[in-house]
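Straight from TrEMBL, the features:
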- 12-32: transmembrane segment (TRANSMEM)
- 38-64: transmembrane segment (TRANSMEM)
- 85-109: transmembrane segment (TRANSMEM)
- 129-150: transmembrane segment (TRANSMEM)
- 162-180: transmembrane segment (TRANSMEM)
- 200-230: transmembrane segment (TRANSMEM)
- 242-260: transmembrane segment (TRANSMEM)
- 266-289: transmembrane segment (TRANSMEM)
- 354-488: domain 'GGDEF' (DOMAIN)
Amino acid sequence: MKKENNSHPIQAGLFLVLYVLAGELSIQLGTINPGNMAIVWLAAGIGLFSVLRFQKLGIALVFIGSFIINTPHLFQGDWRAQIGLIALSGLLFASIDTLQSSFAAQSYLRLEKEYSTKLWTQPSLLPKVWLHVCFIPALISMPLFIIFMLARGLIPSDINSIILRATILLLADTSGLLLLTPLYPYLKAGTLFAEFRRSFWYLLAIIPPILLNFFVLDRVLALILPLMIVIAVQFRMAATNLGLLIITQLCIFFTVQGYGDWAKQNLVVSLLQIQIFVFSVSLALQYLAQAQTQIMLHREQLETEVQSRTESLAALNAELTTLATTDELTRLPNRREWQVKASQAILQARRYQQALSVMMIDVDHFKHINDRYGHLTGDSVLKTIAQICQQNIRGPDSAARWGGEEFVILLPETDQTQALIVAEKVRLAVAQYVHSSLEHETFHVTVSLGITSLLPGDTTLDNLISRADQAMYQAKAAGRNCIKSSETLSTNYLQRNKTS
């Protein structure tokens, strides 16, 4: 915070210097005399920036800057005899400039408050900026300047001269605001210099057609328009106005120096034509740049919406896939998903001569558990057994809920002996687990397990399921809480293949 406070006076000083330089540049490039009227009053735009950025301090900066710029040009003849009048005139000039900048800033802030970020993204709002920020403030200050200069005898008093100078003054102040106002959002965001660097070579390319127009071929200034259209479309508002600034200042300078087709006419008329040219081209190109900004924002918004919807659809698709392949209660793969995986595993086992086993598990007396403890407790038992199965198998193995209180486990690369070890781990873990009912009554649950291994004659998964199911029922018939195998000998596919 302290650093910002320290930099505030420095920034204010820089804006004061910038205001004075902009005003002096406008005067030195070309003025209409008598009256010392600049063709494009760039200080009007800098004054707007100052008031927007520094509020009351900005108003003081504009007043001081205008006094510094205008007062020296009021000296005529023996200045010592008229020093008081000159100082008073300088103060009046400064007051009018300050009024203009203050009014323009208030209009800008009102539009910004009403439209927020839309102000510089919707081309339909540009006419409001042109009217309220650029034209009306200049229209208010113009009569005050004309009246004051007439009273001081600084301009001719004939009606034609007054109308001409009033028009030039109005266009000069309006053009200064028109060229610089669209740059303020970039200045405020700190991206103005970055925009200049990004479009530098395109802006540099503006200069050769201007030189060609003034020194080689007359009336070829239209060659700039295609380039400016490219700049407006590709780089949008900031680069467009920077390009317009270059065009304006060079055209005024070369015309005043006597070059080009404009210089062959009356100088005042020529400079007025430049003002009208700059004014009309600025409106068209600014609108084009703003329209391009809107198109870009709409495209980005559309891309964001498409991406969001794509992600939503992908998430929904993943959820539907999960629902279609997962048992809702136990979160294990459901029967259909497991059968697909098991069928693929059987094909791989046959191809690579590998062992494979299948285990069927049935919860003993599950109906009694439901009847005694309730279905919610029964569901909890099934979920616990599903977790135990998952905890006691390897990554390549796959446990699933077969249906009701039955589970099935696929054991790739596992022969009968290894399958018996896995089955015993599961059986023991289930038997040792202490369950609790909703009434906090504890109890134990047991399971009966049947296992089988892949045989040479097995053509489908159903062959293994049928044998494992029969072995499981043998375990139930043998008293439950035990393991039975469909083979009494070590007869897995791999061993039989080796002996054949």
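If you go along the chain as it appears here, the first residue is 1 and each next one adds 1.
Each Cβ is built from the backbone N, Cα and C atoms, and glycine gets one as well.
Those TrEMBL annotations? Automatic predictions, nothing curated.
Distant neighbours of the transmembrane segment (242-260): 25, 29-30, 39-40, 42, 175, 179-180, 183, 195-196, 199, 202-203, 206-207, 210, 213-215, 218, 221, 224, 227-228, 231, 267, 270-271, 274, 277-278, 281-282, 285; these residues of the same chain sit at least 6 beyond its ends, with a Cβ under 8 Å from one of its Cβ atoms.
Per-class residue totals from DSSP over the domain 'GGDEF' (354-488), listed helix then strand then coil: 59 helix, 35 strand, 41 coil. Of the recorded ranges 85-109, 162-180, 200-230, 266-289, the transmembrane segment (129-150) has the largest number of C-beta contacts under 8 angstroms with 85-109. Through the fold, the transmembrane segment (200-230) approaches residues 239-240, 242-244, 246-247, 250-251, 254-255, 259-261, 277, 281, 285, 288 of its own chain, all at least 6 residues removed from its boundaries and within a Cβ separation under 8 Å.
For the domain 'GGDEF' (354-488), the predicted model reports an average pLDDT of 95.
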